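Student: Below is one structure. I have some questions about it.
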Amino acid sequence: ALETLKMFEKKDSRVKSAAATNLSFLYYLENELAQAANYADLAVNSDRYNPAALTNKGNTVFASGDYEKTAEFYKEALRNDSSCTEALYNLGLTYKKLNRIDEALDCFLKLHAILRNSAQVLYQIANIYEIMEDPNQAIEWLLQLISVVPTDPHVLSKLGKLYDNEGDKSQAFHYYYESYRYFPSNIEVIEWLGAYYID
């Protein structure tokens, strides 16, 4: 894939930008961040309005830990294409890193309007409500999430934990037991179930 894409580097700027965008993404996946950053720069310089190139550039900056600068690249990508879901999702994650929770929630709620059944988006919204210490909303979004991925033991145990914290032992037991059914090796879940049976 790398060799094929490198053949397009010498073409006109639009083709060069597309090839450099894909090369940047491939290097990013291989955790070769310096190369990923080089090709992201090349892609952006070849076509400043390419939202995928700007998103890749944001990803490489995110990996370096400069979250304020990262957010700028994602916002620019969204100015060029408001339907760029990857930029919107990554902007939400960046705001979470910056502890700008309301702005992160806003990003994920916008995404939810576009991608109704995205498990990742539903999880992020639930997680943000948990951070905001609103367990009822967190439970509500996790229940939507398990309608999409009903066999995810992590989500089921998270529901069990939230119901337990709310004092609803029967619901907590139901979700912890379901989690145990799909993944019987989670020690935390086994301990909770053991304590429940002792009670």
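For all residues, glycine too, the Cβ spot is worked out from N, Cα and C.
From TrEMBL, here are the annotated features:
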{"type": "REPEAT", "residues": "51-84", "note": "repeat 'TPR'"}
{"type": "REPEAT", "residues": "85-118", "note": "repeat 'TPR'"}
{"type": "REPEAT", "residues": "119-152", "note": "repeat 'TPR'"}
{"type": "REPEAT", "residues": "153-186", "note": "repeat 'TPR'"}
Student: Counting only residues 6 or more past its boundaries, what in the same chain has a CB within less than 8 Å of a CB in the repeat 'TPR' (85-118)?
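Tutor: For the repeat 'TPR' (85-118), the sequence-distant neighbours (Cβ-Cβ under 8 Å, at least 6 residues beyond its ends) are 51-52, 54-55, 58-59, 62, 67-68, 70-71, 74-75, 77-78, 124-125, 128-129, 131-132, 148.
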Student: Which residue counts does DSSP yield for the repeat 'TPR' (51-84) in the helix, strand and coil classes, in that order?
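Tutor: Result for the repeat 'TPR' (51-84), in helix, strand, coil order: 28 helix, 0 strand, 6 coil.
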Student: The repeat 'TPR' (153-186): mean pLDDT?
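Tutor: Computed over the repeat 'TPR' (153-186), the mean pLDDT is 98 on the 0 to 100 scale.
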